[in-house]
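Q: Starting off with a structure, shown below.
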Amino acid sequence: MNAWEVNFDGLVGLTHHYAGLSFGNEASTRHRFQVSNPRLAAKQGLLKMKTLADAGFPQAVIPPHERPFIPVLRQLGFSGSDEQVLEKVARQAPHWLSSVSSASPMWVANAATIAPSADTLDGKVHLTVANLNNKFHRSLEAPVTESLLKAIFNDEEKFSVHSALPQVALLGDEGAANHNRLGGHYGEPGMQLFVYGREEGNDTRPSRYPARQTREASEAVARLNQVNPQQVIFAQQNPDVIDQGVFHNDVIAVSNRQVLFCHQQAFARQSQLLANLRARVNGFMAIEVPATQVSVSDAVSTYLFNSQLLSRDDGSMMLVLPQECREHAGVWGYLNELLAADNPISELKVFDLRESMANGGGPACLRLRVVLTEEERRAVNPAVMMNDTLFNALNDWVDRYYRDRLTAADLADPQLLREGREALDVLSQLLNLGSVYPFQREGGGNG
């Protein structure tokens, strides 16, 4: 059956700021306390979406979350009106204010793990929300992510959206950023490659930075998504590269159809894994980048592998890269050699995503890949699909509500909270989402 990959991109939120919240993500740590530009960040993301949509790649949008997220501050013991809660936390524990104001939901590669209908036992598209248990600021995302996904994939006959796994370290799940699908045409059954960093009873794990994904979580997600057990491979990421800042697999590998583009040191027991994929995926092609050409450090600093590998109708592929790749002589030299070599990659497309990149999120972090048949695509909430009208409406919305300068101190401004809620109210109507945000269901929550 014919099917297409639709990229659902996260829209950057109004409180996008640099707080260094993500230990193990070296860009996040390095840019801590710098001044951010939320308006520019949102527009950079929108331009990527629209450019790819115009090039013929189906594209949709996932909206930001409510931030600062007052209900969690109340759980932490701060009381009074919303304004009083903000004032108290800013004075007594500003680190909590930064955490509950993170715009990290923009990186929707961590929102959920997807199983297309061609891979599932019941013939539905399955989406399991990620619990993002390893980082407090990200662990807050799952309930609203679930509401948003149910508002977008709202036809229960075609889509099953599953709640996140229990919030415990043993079941740490980071979503599609640790998941690849390999195979032929999108509508054919594919091989799902789940990548984990640690498992109970296995001493092979990183020592410097945390391994966020567990094998136990990956196995549970595969079950929830009803993936045919014959179409699943579990593989461990190389713990040494996690210790070099590869906090998700999509920082060191990206797949599309029959191609796996990865670093030579991406996986534990890599030659064994690639042999397994060759045996089980027709036409499988591994493009392994040697460490002698691109070091892990350079891969992390440029986000070479946090790229999007997109298929054209003629079978050729386009690699979507952040500008940092073009600015690095060694990486750009390698990429031009890659273009000349015998493989499906025939074009490099570069985007300026500096605002997201400075927090450790490249092109692949910003998108959730969902393979859909034509019938399934028609069943998606049409208001989220990118086109000229939506692009213009979202740009106008960003111009109206987003600030062009934000520091950590600004997060305590009650006006920022009010601006954010008004903006999301308008956006949820624009995207026909219903009341997906807690403040909408609580009537504002200003008392």
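Glycine is treated like the rest: Cβ placed from N, Cα and C.
Per Swiss-Prot, active site is recorded for Glu174, His248. Among the features that Swiss-Prot reports, active site, nucleophile is placed at Cys365, with the record citing sequence analysis. According to Swiss-Prot, the feature substrate binding site maps to 19-28, Asn110, 137-138, Arg212, Asp250, Asn359, an assignment based on sequence analysis.
Can you tell me where each of these features sits in this structure?
A: Every protein chain considered, the tally of other Cβ atoms within 10 Å of the Cβ of Glu174 (active site) stands at 31.
All protein chains included, His248 (active site) registers 29 other Cβ atoms within 10 Å of its own Cβ.
The Cβ neighbour count for Cys365 (active site, nucleophile), using a 10 Å radius over every protein chain in view, is 25.
The number of other CB atoms found within 10 A of the CB of Arg138 (substrate binding site), across every protein chain shown, is 22. Arg138 (substrate binding site) falls within a helix when secondary structure is assigned with DSSP.
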Q: Can you tell me which of the active-site residues Glu174, His248, Cys365 is spatially closest to Arg138 (substrate binding site)? Compare CA atoms only.
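A: Its closest listed neighbour, by Cα, is Glu174.
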Q: Between the recorded positions Ala19, Leu21, Asn110, Asp250, Cys365, which lies closest to Glu174 (active site), Cα to Cα?
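A: Its closest listed neighbour, by Cα, is Asn110.
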Q: Counting Cβ neighbours within 10 Å across all chains shown, tell me which of the binding-site residues Ala19, Leu21 comes out on top.
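A: Ranked by Cβ atoms within 10 Å, first place goes to Ala19.
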Q: Relative to the Cα of Cys365 (active site, nucleophile), which of the binding-site residues Ala19, Asn110, Asp250 have a Cα no more than 10 Å away?
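A: The binding-site residues close to Cys365 (active site, nucleophile) (Cα within 10 Å), listed in sequence order, are Asn110, Asp250.
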